[in-house]
Amino acid sequence: MVLPFVYTQQDFITDVCRSGDKLATPLTAFDSAMRAGWTDRMEKGLFRYHLRGLETRILPGFQDVHVMIFVGFGFLMTFLKRYSFGGVGFNFLIAAFGLQWALLMQGWFHHLGDDGKITINVYGMINADFCVAGCLIAYGALLGKVSPVQLMVLTLFGVTLFAVEEYIILNLIKAKDAGGSMVIHTFGAYYGLAISWMLYRPNLDQSSRLQRSVYHSDVFAMIGTLFLWMFWPSFNSAITEHGDGQHRAAINTYLSLASTVLTTVAVSSVFQKHGKLDMVHIQNSTLAGGVAVGTAAEFMLMPYGSLIVGFCCGILSTLGYVYITPFLEKHMKIQDTCGIHNLHAMPGVIGGIVGAITAAAATESVYGAKGIHLFDFPPAKQGGHQAGALCVALCFGIGGGILVGAILRLPIWGDPADDNCFDDEPYWEVPEEDEESVPPVLQYNNHMRNKDVAESNFTMESDTRPRA
């Protein structure tokens, strides 16, 4: 049987590049193909695979977001001394599962064609990663306290809730949220916090000896921080319209992140003894500016506005780790392992508020006659829609978290016992440590107050190094 030869767009590009035109490149050849009316399209079953010229140009942005999901979030969760396998490994698991489910759920809401087929393209892949990010944020509140099966259930419902919430906010309310301050961070954080509240463990102090970090685990977590920090401008600008909007999104995020780092270092040194820095603040609070500027990233926030947002979030997030996280655990029964309330929840709400104010204050003199059409409604009304979208994200996050938390409380999921949390042993083959060859390391817990650390029991008999 002789298969018919199909001259595809890629063949056209290859031929142009192999021609005598010295100026031809894959990108210019692709443009020539588009002008010639070529389309690269394949249909199979439920799906339609689409490749358009504009989408090939956002592949670097997709790669940046993809690295953030698997490397950035994964390594950021390796700070616990005995739960690094679970931090990065389960992050890998639920991200790989979640993006597949997200392609289906978001496809049914956003990319379902008249012929009943779901279109898969680079934009859909980026949005699937965004969807997974919300579940990974929720995982941060539950790190070390749930089983892999519970994480799969969390992701299954989380992706579904995210797809519905995203459709309501972006398509029905028509709010703008390029960087996902509301859709991703606010939803994901309060979804995780609500589940943590439902799964409260009154005897979690039985595992307090493991809820600590060591020197090398904090270094690994810092790798995740740096990947997230470097690629956050791509995260906030990946799906914005090409041109001015994408340009503004990258610049605003860039400046806000830089401002947050300086503010976090200053505030951390003020609230720590002897003016020293707390690594947990540097790992987490330095990213809060990227979260908060997400909604208004493509707006005319202006450089000074981005710097102010980063400055405020650096202060709020750092103080959150010092004061708010202990308060939530003691008085509200919310055990937040990674402190997502300080990195994602509060900055996400701030981002929604900043977006509403910036949209309501938009004028034609600032945006121009064409730029003002970035919004679907007059500025004042658009600001109201932005505020409404923030309320929707909060309702879906808290309400969905309570519902899913009630499901995860059922005694059928194989979750670890109170004295076995924050430990890889129940779910991983852990290599044996050669205690004679490994010098004892002073263990500390960045996620606890200094008083709690001082009361911890340290084993230092073998350490014969001179003391200052």
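Every residue, even glycine, has its Cβ placed from backbone N, Cα and C.
Here the structure is a predicted model, which means the values were calculated and not measured.
Here's what TrEMBL has on this protein:
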- 58-80: transmembrane segment (TRANSMEM)
- 58-410: domain 'Ammonium transporter AmtB-like' (DOMAIN)
- 92-110: transmembrane segment (TRANSMEM)
- 122-143: transmembrane segment (TRANSMEM)
- 149-170: transmembrane segment (TRANSMEM)
- 182-200: transmembrane segment (TRANSMEM)
- 220-239: transmembrane segment (TRANSMEM)
- 251-271: transmembrane segment (TRANSMEM)
- 304-324: transmembrane segment (TRANSMEM)
- 345-367: transmembrane segment (TRANSMEM)
- 387-408: transmembrane segment (TRANSMEM)
Practice item. Using Cβ atoms only, state whether the transmembrane segment (149-170) and the transmembrane segment (345-367) have three or more pairs under 8 Å that are 6 or more apart in sequence. Key: no
Exercise for review: Could you pull out which residues elsewhere in the chain have a CB under 8 Å from any CB of the transmembrane segment (58-80), counting only those six or more residues past its ends?
Suggested key: 87-88, 91-92, 95, 122-123, 125-126, 129-130, 132-133, 136, 139-140, 143-144, 210-213, 217-218, 220-221, 223-225, 227-228, 231-232, 234-235, 237-239, 280, 283-284, 337-338, 422, 446-447
Check your understanding: Against which stretches of its own chain does the transmembrane segment (182-200) lie, if we need a Cβ under 8 Å and a gap of at least six residues from its ends?
Key -> 130, 133-142, 145-146, 154, 158, 161-162, 165-166, 169-170, 175, 291, 294-295, 332-336, 340-341, 343-345, 347-349, 351-352, 355, 389-390, 392-394, 396-402, 404-406, 408-409
Practice item. Count the CB pairs under 8 A between the transmembrane segment (304-324) and each of 122-143, 251-271, 345-367, 387-408, then give me the winner. Key: 251-271
Revision key, fill the gap. For the transmembrane segment (92-110), the candidate among 122-143, 345-367, 387-408 having the most Cβ pairs under 8 Å is 122-143
Practice item. Tell me, roughly as an integer, the mean pLDDT over the domain 'Ammonium transporter AmtB-like' (58-410). Key: 94
